[in-house]
Amino acid sequence: MQVLHTYQELQVFRKSLDSVGFVPTMGALHPGHASLITRSKQENPQTIVSIFVNPTQFGPNEDLSRYPRDLEADLKLCQSLGVDGVFVPTVAELYPFEHAITLNPASDLLGHEAEHRPTHFNGVLQVVLKLFNLVCPQKAYFGKKDAQQLLHVQRLVADFFLEIEIVPCEIVRDHDGLALSSRNVYLSASQRQEALKIPQALERMQIAYQQGMRDTASLIRIGLDTLQGLEVHYLSICNHNLEPLAQVKSNQTLILCAVQVGQVRLLDNLWV
Ligand code: PAF
């Protein structure tokens, strides 16, 4: 496995490869990331992972400086999964200009996360486009947990005619049902217990849906009842273009949820 720090190293390495699957990450890798890497390994002759805590997607009061980092463990995991190359650039490497070109996300895909993190998707799209241009992958793997990010990246690829297949991957959950996230390490034991209300809320909404409930207001009420005591940033039911729905329609519905637990903002969702 090659560890590549500069854009030139990556370019030379990339030229030696054929078809590449790409897994962009911010490190602090967990089994959710491992599942993306494993899928890429199954579907591509070569796999490149990037590890880069991207400053432009963090707001001024967010956790950039304390975002979990453990490069040694990340590299070990990548090695054990048979990754071919890991790109670990510095900020200066990826952002060489003081005045960088920025991207505005499509306005129809805003709301939800963007209401709480107004510049987040600008930063995500900026870094993802840079990484796509550097890695030149045929396929790129994104978790469905960050549903809105996935929709923005799919739009980026379509709008800029990038010849990359975006592969959405299933949410990986811990044994207690909590969706895996690098930020889960911030949770104390009691906060973690509280956080379990999130998958429980989604599960209860799913059961009610399976029992025939289609009215979104009633489903949201069930979810909010379960989330009582937590600071819910949003719990919404929309279609795959993020338009609110009055009635749930199968294969077209996304239940999105963001909840603040202590200092940690947790996302979860359900694709119905
Ligand atoms: O999902 C993430 O980890 C990040 O948003 C990504 C896609 C690696 C861009 O920094």
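Positions of Cβ are set from backbone N, Cα and C atoms, glycine also.
Of all the Cβ atoms in the protein chains shown, 26 others lie within 10 Å of the Cβ of H33 (active site, proton donor). Residues or ranges marked as active site, proton donor by TrEMBL: H33.
Sequence-distant neighbours of M26 (ATP binding site): residues of the same chain at least 6 apart with a C-beta under 8 Å from its C-beta are I51, F52, V53, N54, Y67, S182. The ATP binding site feature in TrEMBL is assigned to 26-33, 143-146, V172, 180-183.
Taken from TrEMBL, the feature (R)-pantoate binding site covers Q57, Q149. Neighbour density for Q149 ((R)-pantoate binding site): within 10 A of its CB lie 21 other CB atoms from the protein chains shown.
The feature beta-alanine binding site is assigned by TrEMBL to Q57. In the three-state DSSP reading, Q57 ((R)-pantoate binding site) counts as helix.
Put simply, H33 (active site, proton donor) is 9 Å from V172 (ATP binding site) when counted between their Cα atoms.
Residues near L29 (ATP binding site) in space but far in sequence (CB under 8 A, at least 6 apart, same chain), listed by position: I51, A73, D74, L77, C78, S182. In sequence order, L150, P168, C169, E170, I171, N269, W271 are the residues near K144 (ATP binding site), counting only same-chain partners six or more apart with C-beta under 8 A. Close to ligand 1, meaning a Cβ under 6 Å from one of its atoms, are these of the recorded positions M26, L29, H33, K144: M26.
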